[in-house]
Amino acid sequence: MSETAPAETATPAPVEKSPAKKKATKKAAGAGAAKRKATGPPVSELITKAVAASKERNGLSLAALKKALAAGGYDVEKNNSRIKLGLKSLVSKGTLVQTKGTGASGSFKLNKKAASGEAKPKAKKAGAAKAKKPAGATPKKAKKAAGAKKAVKKTPKKAKKPAAAGVKKVAKSPKKAKAAAKPKKATKSPAKPKAVKPKAAKPKAAKPKAAKPKAAKAKKAAAKKK
């Protein structure tokens, strides 16, 4: 009898990560670290706020500055070098004035001139932004005014119709005036009786003529008596 050897099970080879995936994971890790760093405000802003909040006449010392930053939740021990660099950069820019010591180991005070100069441009920008908003709002008012003008233009059409009706009524009124003028013909009729009166007076003038025969008869009677 021939013996059959058991078949060897093939073990899967370990899958190597592609270099593209490694780069992607590194980028993601770097982005996460950058986000963590960017979440908090920069050191320069924290330093300026701490110095501005101090009421010391001679300025805020480095030790007092570190205490103020630590009270605000900033890790002073890890970021000691950053604090020193931030102080030097702010002094070079003119934001802070060094009243004592040299370098980062001294007392620092806020430069009022620089602070006022920074505040003025911000105020100008805010004023310009406010001025732009009304400029954008004016066209709406102009549109409303234009709509009102259109409404005013439409109204005269309605006003014209009553005017035309008034003209028609005025045109009809002369007919009534003509009807009122007809009674003038009736006034002419009294003139006819005036012409008739002289005709009636003629018989009165004829009566004396009738008296003449009486006189003749009287003369004849007188002659007979003789």
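Cβ atoms here come from the backbone N, Cα and C positions, even for glycine.
Keep in mind the model is a prediction, meaning the values are calculated, not measured.
Features reported for this protein in Swiss-Prot:
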COMPBIAS  1-16  compositional bias 'Low complexity'
COMPBIAS  122-133  compositional bias 'Basic residues'
COMPBIAS  140-161  compositional bias 'Basic residues'
COMPBIAS  169-187  compositional bias 'Basic residues'
COMPBIAS  194-226  compositional bias 'Basic residues'
DOMAIN    39-112  domain 'H15'
MOD_RES   SER2  N-acetylserine
MOD_RES   THR11  phosphothreonine
MOD_RES   LYS17  N6-acetyllysine
MOD_RES   SER18  phosphoserine
MOD_RES   LYS37  N6-(beta-hydroxybutyryl)lysine
MOD_RES   THR39  phosphothreonine
MOD_RES   LYS49  N6-acetyllysine
MOD_RES   LYS55  N6-(beta-hydroxybutyryl)lysine
MOD_RES   ARG57  citrulline
MOD_RES   LYS67  N6-(beta-hydroxybutyryl)lysine
MOD_RES   LYS88  N6-(beta-hydroxybutyryl)lysine
MOD_RES   LYS109  N6-(beta-hydroxybutyryl)lysine
REGION    1-44  region 'Disordered'
REGION    98-226  region 'Disordered'
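Feature map: Swiss-Prot annotations on the structure.
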| residue | record | Cβ neighbours (10 Å) |
| --- | --- | --- |
| LYS49 | N6-acetyllysine | 15 |
| LYS55 | N6-(beta-hydroxybutyryl)lysine | 5 |
| ARG57 | citrulline | 7 |
| LYS67 | N6-(beta-hydroxybutyryl)lysine | 14 |
| LYS88 | N6-(beta-hydroxybutyryl)lysine | 14 |
| LYS109 | N6-(beta-hydroxybutyryl)lysine | 18 |
From modified residues LYS49, LYS67, LYS109, the one whose Cα lies nearest ARG57 (citrulline): LYS109
LYS88 (N6-(beta-hydroxybutyryl)lysine) versus modified residues LYS49, LYS55, LYS67, LYS109 - nearest by Cα: LYS109
For the domain 'H15' (39-112), the number of residues DSSP places in helix, strand and coil: 37 helix, 15 strand, 22 coil
Distance [Cα-Cα, Å, rounded] between LYS55 (N6-(beta-hydroxybutyryl)lysine) and LYS49 (N6-acetyllysine): 12
Overall pLDDT of the domain 'H15' (39-112), taken as the mean: 84
Euclidean distance between Cα atoms of LYS67 (N6-(beta-hydroxybutyryl)lysine) and LYS49 (N6-acetyllysine), Å: 13
